[in-house]
């Protein structure tokens, strides 16, 4: 009994709550892994194996789902409080981010038409290199020499992997590099454009505003650059309605990637997400090789391994340099 005569907290109850919390976190991480790797593999299947050769239209489907589901999650389900855009200037900044975001996603999807997922992930792992370059150019932010040194194996690994990649395709490689650079540019731009306290948005609200703007950018692009894409999709659906379910599932999965990304960060930390992200690339490579049976070389795998080691060293160096 307590001093006031009430029952003391049960140790068993506290342990059960902790166990439930761990179970919830493990479930979130599993969902994050599944959605990230799932959307990547399904994009590859649609654009390469299935023969749906319309990456801009596919990206527009993703953004449409993100716009609708973001609104439902925030306005109806109240997953996070809605943050309002305060000015036209802030809206213009979000539109600029959305344009870069579109470029990144479209380029990444285009690269999947020509490159295996394993090599796509190897190139994508060089994001820290481009982030450091853009941060230096646009903000004159200098890292320690140790941090820059860790980028050497990141780049060297991709060069080695490129030389040893049996399915290397120059255009696909250029698109993948472009997607990686655009992803890094968005991160740096977001830090610059939405830096003031009044303009900062959490990732869910930022997606709520970026996604419909992205659809506006992508609609004319798919109409002019992907000839008769709607007509072709309708014809495919008449022959095999599976394509409709695949596109719907893929689009919802693309939103789920963003939702689980936000929730994992909220319930763990940004550092945990970074560590999980490093491991995710390796898991995606193994799973994709098992599913698509694409040929790999020892040289290519050694190059990718070197890049991953470089990324881990870079993360550790950044973590130490950010400590007070």
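In case you wondered, yes, glycine gets a Cβ from its N, Cα and C as well.
Quantities reported herein were computed from a predicted structural model and do not represent experimental measurements.
Among the features that TrEMBL reports, domain 'Sugar phosphate transporter' is placed at 28-315.
Marked as transmembrane segment by TrEMBL: 12-34 (among others).
Sequence-distant contacts of the transmembrane segment (54-79) (same chain, at least 6 residues past either end, Cβ-Cβ under 8 Å): 43, 46-47, 102, 105-106, 109-110, 112-113, 204-205, 207-208, 211-212, 214-215, 218-219, 221-222, 225-226, 229, 232-233, 247-248, 250-252, 254-255, 258-259. As annotated by TrEMBL, transmembrane segment applies to 54-79 (among others).
Per TrEMBL, the feature transmembrane segment maps to 118-138 (among others).
Marked as transmembrane segment by TrEMBL: 145-162 (among others).
What TrEMBL records for 168-185 (among others) is transmembrane segment. Remote same-chain partners of the transmembrane segment (168-185), defined as residues 6 or more beyond its termini with a Cβ less than 8 Å from a stretch Cβ, comprise 100-101, 103-108, 110-115, 119-120, 123-124, 126-131, 133-134, 162.
Here TrEMBL flags 206-223 (among others) as transmembrane segment. Through the fold, the transmembrane segment (206-223) approaches residues 54, 56-57, 59-60, 63-64, 66-67, 70-71, 74, 82, 85, 91, 94-95, 97-99, 101-102, 106, 190, 194, 229, 258 of its own chain, all at least 6 residues removed from its boundaries and within a Cβ separation under 8 Å.
What TrEMBL records for 243-264 (among others) is transmembrane segment.
Residues or ranges marked as transmembrane segment by TrEMBL: 271-292 (among others). Panel annotation: around the transmembrane segment (271-292), residues 29, 32-33, 36-37, 40-41, 44, 49, 116-118, 121-122, 124-125, 261, 264-265, 304, 308, 311-312, 315, 319 of the same chain, lying at least six beyond its termini, place a Cβ under 8 Å from a Cβ of the stretch.
Per TrEMBL, transmembrane segment is recorded for 298-315 (among others).
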Seminar exercise, completed: Counting only residues at least 6 beyond its ends, the same-chain positions whose CB falls under 8 A of a CB in the transmembrane segment (118-138) are 40, 44, 108, 111-112, 147-148, 151, 154-155, 157-158, 161-162, 165, 167-168, 173, 176-177, 179-181, 183-185, 187-189, 192, 281, 284-285, 288-289, 294, 296, 300, 303-304, 307-308, 311, 314-315
Exercise. The transmembrane segment (243-264): which same-chain residues, six or more beyond its ends, come within Cβ distance under 8 Å?
Worked result: 28-29, 31-32, 35-36, 38-39, 42-43, 46, 50, 52, 58, 61-62, 64-66, 69-70, 73, 79-80, 202-204, 207, 233, 236-237, 272-273, 276
